[in-house]
Amino acid sequence: MRLIARFSVTIGKSWFTLCGIDVFTWRIRAMQGHPDVINYLVTLLKGELAARDQYFIHSRMYEDWGLSKLYERINHEMEEETQHADALMRRILMLEGTPDMRADDLEVGSTVPEMIEADLKLEYKVRGALCKGIELCELHKDYVSRDILRAQLADTEEDHTYWLEKQQGLIKAIGLENYLQSQM
């Protein structure tokens, strides 16, 4: 039985060789992505890492100030940004790229309105970058990466950005003091 197994493996390799297919080279080439897409995914990863870190700092500041509702929400956003970064990192590795784990610069606020504004500016920046990334992926026919970015864009627009804009509206409508009291 061992002989048969060896014989079938030898035939299998020979068949690929006769057909002009190098199985190992083909597999590696099939997983490589376009350099422009990989580089842009690395850029997006740095933005997601910055968003994660900024939300992390802000959530802990809210917790320290006793604003438990803001802490819970922003901590949740931090976890989602971590998931976004993880998805990008996995895709970069799948495409034979090298992730760069250095986050973009952060803008840490010192008051609740400043923190919400800084987070919103970051989300607008991420949204614009994701739109450009989707276009680039379509240009290079990388539809898997495009779909990953589309899902992140939907999360950015429908969840993060919407919620932050809503908080700014609440502060304007009811005043900062009432808003802060409602977040305890």
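Numbers run from 1 along the shown chain.
A Cβ is built for glycine as well, from the same backbone N, Cα and C atoms used for every other residue.
As recorded in TrEMBL:
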| type | residues | note |
| --- | --- | --- |
| BINDING | GLU48, GLU81, HIS84, GLU157 | Fe cation 1 binding site |
| BINDING | HIS76, GLU80 | Fe cation 3 binding site |
| BINDING | GLU81, GLU123, GLU157, HIS160 | Fe cation 2 binding site |
| DOMAIN | 31-175 | domain 'Ferritin-like diiron' |
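Where TrEMBL records a feature, it is marked here on the structure.
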residue: GLU48; record: Fe cation 1 binding site; DSSP (3 states): helix
residue: HIS76; record: Fe cation 3 binding site; DSSP (3 states): helix
residue: GLU81; record: Fe cation 1 binding site; DSSP (3 states): helix
residue: GLU123; record: Fe cation 2 binding site; DSSP (3 states): helix
residue: GLU157; record: Fe cation 1 binding site; DSSP (3 states): helix
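Within its own chain, HIS76 (Fe cation 3 binding site) has no residue 6 or more apart in sequence whose C-beta sits under 8 angstroms from its own. Between the listed binding-site residues, namely HIS84, HIS160, the fewest other CB atoms within 10 angstroms of a CB are found at HIS160. Each of the binding-site residues GLU80, GLU123, GLU157 was scored by the other Cβ atoms within 10 Å of its Cβ; the lowest score goes to GLU157.
Comparing C-alpha positions, GLU80 (Fe cation 3 binding site) sits nearest to HIS160 among the binding-site residues GLU123, GLU157, HIS160.
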